[in-house]
């Protein structure tokens, strides 16, 4: 059996989301701070969840900077740490379940396990999207996320973008894998419809079972009683007339008997006065009326 499309799509999107979330969690690039007083114009400070890095003209990058404003103690940073780590752990668990559920090395996948992995991956995407959105909401609030006063400016950095992308990919991949529940639910519904009832109802009226003799059915009815249009066997078929081969031969016309003697001679009006055969002998070879 070929791997369903929803499973293949989920198995592609989920690892990509895991990689992006892992990079966004570890990289010090959630917020970009620049425009410091009494420092070169090109000095920039990248703040992350675990570290700060100072960069100047893209040539020198120094990490492990001292937190002078209490940035790491801010509530959005602490919550983001916990939720991002939880999201990564849930993603790993979901991928493990998906690998066991899809089972590309076997013919039939495990739809229940694949659907469960989709639910876990979807939850992992939510756990990654919540801290990223919350951090972005308070990005410019210096009371919540401490930062130097103006003219210092704060901007969104690349780690937030990676977090958004990774979380969205996990949501899509988890939803795609969760669609694997559809064949399993369909099969269960079919089993319930085809399953036997709880038990036969007991009738209050006593019934009498009468066995009627089965009538002898004709051979044609026996073969057509199942509702299928099947031809009867050869012994019950009527023999078809054989086609005539050739052409009819001409037959001679029947010959009729002809007599050259006029049998009506002497029966006309002219012969009424003539003497009959009884008075004088008949010259004709035919018998006379008196002889009849």
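Backbone N, Cα and C atoms are what each Cβ position is placed from, and that goes for glycine too.
Feature list (source: Swiss-Prot):
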- 4-24: transmembrane segment (TRANSMEM)
- 25-81: topological domain 'Extracellular' (TOPO_DOM)
- 82-102: transmembrane segment (TRANSMEM)
- 111-131: transmembrane segment (TRANSMEM)
- 132-160: topological domain 'Extracellular' (TOPO_DOM)
- 161-181: transmembrane segment (TRANSMEM)
- 222-292: region 'Disordered' (REGION)
- 273-282: compositional bias 'Polar residues' (COMPBIAS)
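The DSSP breakdown of the topological domain 'Extracellular' (25-81), given as helix, strand and coil counts, is 9 helix, 18 strand, 30 coil.
Counting same-chain residues at least six beyond the ends of the transmembrane segment (82-102), those with a Cβ under 8 angstroms from any Cβ of the stretch are 3, 7, 10-11, 14-15, 17-18, 21-22, 24-25, 49, 109-118, 120-121, 123-125, 127-128, 130-131, 163, 167, 170, 174, 177, 180. Within the same chain, residues 23-25, 27-37, 46-48, 69-71, 74-77, 79-80, 167 sit at least 6 positions outside the topological domain 'Extracellular' (132-160) and bring their C-beta atoms closer than 8 Å to a C-beta of that stretch. Sequence-distant neighbours of the transmembrane segment (161-181) (same chain, 6+ residues past either end, Cβ-Cβ under 8 Å): 4, 6-7, 9-14, 16-25, 27, 84, 87, 91, 94, 98, 101, 109, 111-112, 114-115, 117-126, 128-129, 131-132.
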